[in-house]
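The structure under discussion appears below in the form of structure tokens.
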Amino acid sequence: MSQLTIYNAVSEGNDPPLPSLHTTDAAIVAAELSQRGIRFQQWPTHDELDAASSQEEILAAYSAEIAEVQAAGGYQTVDAISLGPDHPQRAELRQKFLSEHTHSEDEVRFFVDGRGLFCLHIGDEVLQVLCERNDWLSVPAGTRHWFDMGERPCFSAIRFFNNQDGWVAQFTGDPIAKRYPLLGS
């Protein structure tokens, strides 16, 4: 179940403040994110797909939705990524994504299966968006954020890019991510 937790990013000390909102209501999640320029949707699921599905199977199953998003957003490159709990680079990848960063393009993800925690640092707030199966999220270019896939990741996601290079991050150097709960904590 998708969920949204909102914190005030300005707090005394190193501990995260108490959340000002915590909800699993998809309509509230979408409305709160929309107020901050973040798009959130839920697409129909394809029950035949799971974390073990190949990139080709995933892209074929969602070809109509992918074409719509590409046409609307001008996305040149689309791929599907799957990461399981036995992936040899899971710890290294997790650490890379846990550092606050921005992108020069929108970060658009659709969770085919599994889950991941997007943490968005917008002004004086940190929004933690737990995305799960059938959640689609679009984070605008320049938004400070980090992502946690957990210690034992298990997800498949479709990624949309406006450039041929794929995922390119500009790290902020801000250690704020260390003050907030991780996926599974």
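Our numbering is plain: 1 for the first residue shown, then up by one each step along the chain.
Every residue gets a Cβ built from N, Cα and C, even glycine.
Features as listed in Swiss-Prot:
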- Glu100: site 'May play a role in metal incorporation in vivo' (SITE)
- His101, His103, Glu107, His145: Ni(2+) binding site (BINDING)
- His101, His103, Glu107, His145: Fe(2+) binding site (BINDING)
- Asp106: site 'May play a role in transmitting local conformational changes' (SITE)
- Arg109: site 'Important to generate the dianion' (SITE)
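Overlay of Swiss-Prot feature records on the structure.
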residue : record                                                              : DSSP class
Glu100  : site 'May play a role in metal incorporation in vivo'               : coil
Asp106  : site 'May play a role in transmitting local conformational changes' : coil
His145  : Ni(2+) binding site                                                 : strand
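Between the alpha carbons (Cα) of Glu100 (site 'May play a role in metal incorporation in vivo') and Asp106 (site 'May play a role in transmitting local conformational changes') lies a span of roughly 15 Å. Within 8 Å of the centroid of the Cβ atoms of His101, His103, Glu107, His145, where the record puts Ni(2+), the same chain has further Cβ atoms from Thr102, Val139, Thr143, Arg144, Trp146, Phe147, Ala169. You'll find the Cα of His101 (Ni(2+) binding site) roughly 16 Å from the Cα of Arg109 (site 'Important to generate the dianion').
The two recorded residues, His145 (Ni(2+) binding site) and Arg109 (site 'Important to generate the dianion'), have Cα atoms 14 Å apart. The 10 Å shell around the Cβ of His101 (Ni(2+) binding site) contains 22 further Cβ atoms across the protein chains shown. Around the Cβ of Asp106 (site 'May play a role in transmitting local conformational changes'), the same chain contributes Gly73, Ser138, Val139, Pro140, Ala141, Phe160, Asn162, each under 8 angstroms and 6 or more positions distant in sequence.
The most crowded of the recorded positions listed here (Glu100, Glu107) is Glu107, judged by how many other CB atoms sit within 10 Å of its own CB. For the recorded positions His103, Arg109, His145, the largest tally of other C-beta atoms within 10 A is found at His145.
Reported as a whole number, the C-alpha separation between His103 (Ni(2+) binding site) and Arg109 (site 'Important to generate the dianion') equals 14 Å.
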